[in-house]
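Pulled from TrEMBL:
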type     : residues : note
ACT_SITE : ARG18    : active site
ACT_SITE : ASN36    : active site
DOMAIN   : 3-91     : domain 'Acylphosphatase-like'
DOMAIN   : 202-390  : domain 'YrdC-like'
Amino acid sequence: MIRKVLLVKGIVQGVGFRPFCAKLAKELKLGGSVQNNSSGVLIELCGSNENIDEFSKKLLDEAPPLAMIQTIEIISEEKLLGPIGEFTIKASERQEMQLVLIPPDIATCDDCLQEMRDPNDKRYRYPFINCTNCGPRYTIIKELPYDRTKTTMACFPMCDDCSSEYNDVTDRRYHAQPNACPECGPTLWLCDARGERLASNDEAIALAKAHLKAGRILAVKGIGGYHLACDPRNDEAVRALRARKKRPDKPFALMAKDFKAAEKVVLLNGMARKLLASPRRPIVVCPKAKGCGPLLSAYVAPNIDTYGVMLPYTPIQHLLLEDEDLDLLIMTSANLSDEPLVAGNREALQKLASIADYYLMHDRDIYVKIDDSVIAMAGNTPIFTRRARGYVPQPYISKDVLPPIFGAGGEMKSTFSVSHDHYIFTSQYLGDLKEVASIALYEHVMDMFLSLYEISPLFLVHDKHPMYLSTKIAKDKLPEVKDSLAVQHHHAHLAACLWDNDFQGEAMGLILDGTGFGDDGNIWGGEILVGNAKSFIRWGHLLEAPLPGGDKAVLEPWRFALSILLKTFGLDKSMELADKFWPDRKRTSEALIRNMNIYVKTSSAGRLFDAVASLLGLRDAVTYDAQAAIELEALAKGRECAPFRLERENGHLILDWRPAIEWLIMGLMGGKRKERLAAGFHDGFAAALAQACKDISLETGIRHVALSGGVWQNKRLLNVTCALLRRAGLEPLVHKNTSPNDECISLGQIAIGIERWSK
């Protein structure tokens with residue numbers, strides 16, 4: 001028999017960790033104790049070697065959903081001289097100068113669902129049931145320490161029963177700050193557009209379901225904000241939602257009652273099922289199931305071959321989806337245009353008045369807004385497209401103490417990051433900073449992070465773009481920070497991917513996105529870099545071409561299509577082709593061609609994909625970000641390989657797409673199927689990228705390739721490129737914990753700052 005003392009660090013306090021340890025120790029017939037201290041959780045174990053080893057294994061494998069174990073350190077180990085004794089939960093040590101890690105909001109656990117469905121339980125059908133293992137956390141905390149009085153639950157004093165549970169260290173609701181029941185907790189109600197209450201609690205659920213079945217649009221208050229809900233089978237309702245929300249094409253997310261309902265409309269592999277059922281409950285983008293077309297309105301996700309699906313994660317959602325004839329709902333963020341989602345009750349009545357018919361509201365306030373997380377499946381590889389609810393504010397953990405740095409992030413798909421102690425905290429997706437409401441959200445969440453974690457940044461890292469609002473906001477709000485560093489956009493992408501993979505060496509970087517301010521003043525976006533967080537070389541890039549109309553070309557892909565035709569075929573042939581492709585834009589295209597040399601040049605891979613989509617007749621104008629490229633990916637079927645050319649020019653490796661454009665136009669004129677042309681462009685581009693990396697590897701000996709930038713959300717391109725890189729003996733590094741899009745910029749800025757300012 002032995003006595004072993006363990007110190008567990010991470011998110012291990014306030015998440016039901018001590019009761020879990022006590023239960024586990026009892027199962028394994030171990031004595032000892034568990035106690036919170038200023039470093040984490042201290043566990044004393046007395047018993048056999050085998051049982052203590054089993055305890056350590058189960059500690060990692062079966063920890064509570066809200067827990068995140070960083071390290072398990074053996075403090076001491078000795079022979080046990082006395083009896084094993086009982087296992088006890090000790091009172092917490094006095095904690096000073098402790099960095100408390102806040103857990104994210106977590107889906108309703110199975111225990112709570114079982115109670116909610118039990119007619120004999122006091123929380124039967126209670127829409128705010130929660131416990132230490134589930135429910136709202138991040139979205140209700142105003143300040144630390146994490147006590148009920150410091151949350152939006154402060155206005156709901158616990159009844160005697162709830163208080164007894166809260167103070168019982170062996171209870172599942174021990175120190176569960178949102179703990180509540182029908183006697184003392186929040187209330188649910190349904191109201192009309194005037195705010196007049198029509199029903200409360202369970203009657204409100206019943207009436208809400210009736211309205212959904214009748215084709216009405218409901219605003220439903222969730223954990224991080226409101227959703228707009230309607231029946232996805234009702235064509236009229238879905239079309240009305242599109243018209244009212246002014247969202248003509250962007251796909252709507254679906255919420256499915258369970259796997260059975262989800263599999264009616266999507267194909268689920270093992271990883272997708274694991275993500276859907278996880279306590280984090282992201283939206284998972286999966287291929288549409290064969291034959292699912294007649295089941296749902298064609299307007300749910302038009303012109304693409306995937307649906308974004310999630311399972312219910314709040315008690316309200318479980319109650320709404322309990323009927324067999326309402327086992328699927330559209331659940332899309334309730335917002336206007338590109339603004340942040342609506343979270344307040346008055347705000348909902350004001351801003352959603354032209355969209356929602358009815359409102360399912362409650363009186364538990366949301367302190368910080370947060371969207372649903374979105375993960376796309378590239379085979380079995382998950383790709384974040386939005387990291388938010390369920391994942392934020394979980395930090396990235398470093399073995400080293402980090403300097404206090406603020407990374408301001410980008411402008412589109414903005415986030416910020418801040419390093420402190422052993423952690424890097426990255427905010428949730430905050431939207432497009434060209435929107436005033438998004439700026440306000442950025443500032444609110446920034447204030448909250450710095451206040452909650454008591455961080456005073458000494459250093460600032462920002463993008464090199466001279467007009468980024470994220471830079472202005474950070475400088476305005478951190479006037480005391482004098483030491484700052486401007487970082488090139490694509491270098492930040494490279495550094496983020498390397499950090500995300502815990503890779504410290506030199507790597508190649510295939511950084512493909514829509515736009516980033518280049519060191520030469522041009523717009524970069526198809527970059528082949530070599531380096532690390534400390535420094536980089538622009539080894540190569542896509543062939544550059546003018547971007548006619550600047551930002552207008554982003555919204556109208558035909559403009560860059562015209563530019564690449566001119567670059568490929570010259571003046572006469574491009575004019576002839578322009579007349580064929582865009583006969584109604586003859587005067588505009590002629591003017592653009594004549595003035596093409598005045599426009600800024602770009603190496604953007606994102607714009608190249610948009611242009612190819614336009615040439616294939618998919619879309620000349622877009623209504624949401626990356627629409628043309630997403631539809632091009634959906635079109636691609638079969639196996640072809642368009643030719644690209646690699647050549648040296650002014651010391652750079654140039655990936656020349658002109659042979660591929662010639663091949664594409666010849667194929668179009670020859671009647672080749674557009675599906676095969678789209679596939680050929682994808683696979684030929686992947687082959688050229690892999691060949692470029694193979695050539696660089698032979699020259700430098702570098703074997704690792706970081707893939708970052710929003711273009712890598714293209715599942716076909718990612719899968720084919722990774723396969724070709726591996727075949728060439730190279731090792732692709734893809735993002736694991738953050739999105740490859742501009743959400744990762746702030747993390748990369750921090751990584752670069754750490755190299756600059758670490759002692």
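A Cβ is built for glycine as well, from the same backbone N, Cα and C atoms used for every other residue.
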### Summary
By the 10 Å Cβ-neighbour count, the most surrounded of the active-site residues ARG18, ASN36 is ARG18
### Message
Can you work out the mean pLDDT of the predicted model over the domain 'YrdC-like' (202-390)?
### Response
97
### Task
Work out how many Å separate ASN36 (active site) and ARG18 (active site) at their Cα atoms, rounded off.
8
### Summary
The DSSP breakdown of the domain 'Acylphosphatase-like' (3-91) into helix, strand and coil residues is 24 helix, 39 strand, 26 coil
